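Peer 1: I'd like to ask you about the structure that follows.
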Amino acid sequence: MRTQSLYNTHFSHTSFAVSNAAESTNDGKENGLISELVYNEHQPAVVQLLLPLLQQLGMQSRWLLWLTPQQKLSKLWLQQSGLPVGKVVQLSQINSLDTVEAMEKALLTGNYSVVLGWLPDLTEEDRLKLRRAAELGNAYGFIMRPQRDINPVHGHCSTLKIHSSLYH
């Protein structure tokens, strides 16, 4: 697992992102996507939902990027979960505005099969930017949102949890 600072990232805008996306989409449709997962401390299902996908994406030659605001990923948890520790990159201790920008840049590069970002509520413009970046980079982007950011006025939301034991 590699931990990177925001100021020492290896985001490079190369032709790889566009050419790789074009080569992998024979039907002319983009394959990238953005999805949001809302979780809380009492529902551990997100791990069971995400792990098989993350394990499969870990078999690609590309990296798995975790943009985490405060936590540091546990190397032991990564190993026990069957994730390729050598392909996991983590950026931590960045504010949410920088996280949106970092996620967009990472998705665009095509160097990451998946980018997980812990983000606050996004504007439609931010969502569109991330969706386009995921499509161009042929990558999956998961917007992770703690339940505390849910507005109760909008009714009940299905929620998922990432256990704090995933971090150390």
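Glycine is no exception: its Cβ is also placed from the backbone N, Cα and C atoms.
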Peer 1: Quick one: which of 1-8, 65-72, 153-160, 161-168 does Swiss-Prot have down as region 'Lon protease binding'?
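Peer 2: Region 'Lon protease binding', as annotated by Swiss-Prot, spans 161-168.
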Peer 1: Report the DSSP secondary-structure composition of the region 'FtsZ binding' (106-112) as helix, strand and coil residue counts.
Peer 2: 4 helix, 1 strand, 2 coil
